Amino acid sequence: MKLILLILTAYLLGSIPTGLWIGQYFYNINLREHGSGNTGTTNTFRILGLKAGAATLLIDIFKGTLATLLPVLVGASNVSPIAIGFFAVLGHTFPIFAGFKGGKAVATSAGVLLGFAPLYLLFLAAVFVLTLYLFSMISLASLTASVVAVISVLTFPAAHFLLPGYDWLLTITIVVLAAIIILRHQDNMKRIKQQSENLIPWGLNLSKQQPASHH
């Protein structure tokens, strides 16, 4: 029973459509009708600006972290934190409060790792920032960090680097989260191939993307 409640709470936490609600309540803007139509951090930054984007990022990360820490907070020591965190990502991606159309799972996945393996998250964040600097694309940075996450979760424990030993639940979760993130970025990948992906005004844009101007 406790397990079902934890899963449900994590899913509902994850389901909070931060960007969508911030847009509606504070700016009177429906994010689905602007930019990429996505309700995650990137589109929130692009359409509503820095404050709203930062708030969305932090809250979306916090959703994952809080969900991951739920078993600890309620003293359910036999429940795996990472498994509960996973349901927050599921909620974030398919939110019950927003017609099951959610974000691309990046921020909330980061939040889950922050609660479970913070140093490992720091490593992936470094990969993300480096890729972002070299190519100026949030999508490519997310995809690269996801692929590196899968490779590293399979190899690091062998070297006892950042991850002490193999944790099959963490491994499965990372692989599934990476798969969700990659699947949610299909459109971005097409644009990267066509060299028309949206850029951020930072970094080197090494792959010379030339996005069409925004409508």
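Backbone N, Cα and C define each Cβ position, glycine as well.
According to Swiss-Prot, the protein has these features:
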- 3-23: transmembrane segment (TRANSMEM)
- 42-61: transmembrane segment (TRANSMEM)
- 68-90: transmembrane segment (TRANSMEM)
- 110-130: transmembrane segment (TRANSMEM)
- 134-154: transmembrane segment (TRANSMEM)
- 162-182: transmembrane segment (TRANSMEM)
Chain residues in Cβ proximity to the transmembrane segment (110-130) (below 8 Å; excluding those fewer than six residues from its ends, i.e. six or more beyond): 60-69, 81-82, 85-86, 88-89, 141-142, 144-145, 148-149, 152, 156, 162-163, 170, 173, 177
Beyond the flanks of the transmembrane segment (42-61) by 6 or more, those residues with Cβ under 8 Å of it: 16, 18-19, 22-23, 26-27, 29, 31, 34-36, 92, 103-104, 107-108, 110-111, 114, 138-139, 198
Residues from the same chain, set at least six apart from the ends of the transmembrane segment (162-182), whose C-beta lies under 8 A from its own: 80, 82-83, 85-86, 89, 93, 104-106, 109, 112, 116-117, 119-120, 123, 142-143, 146-147, 149-150, 152-154, 156
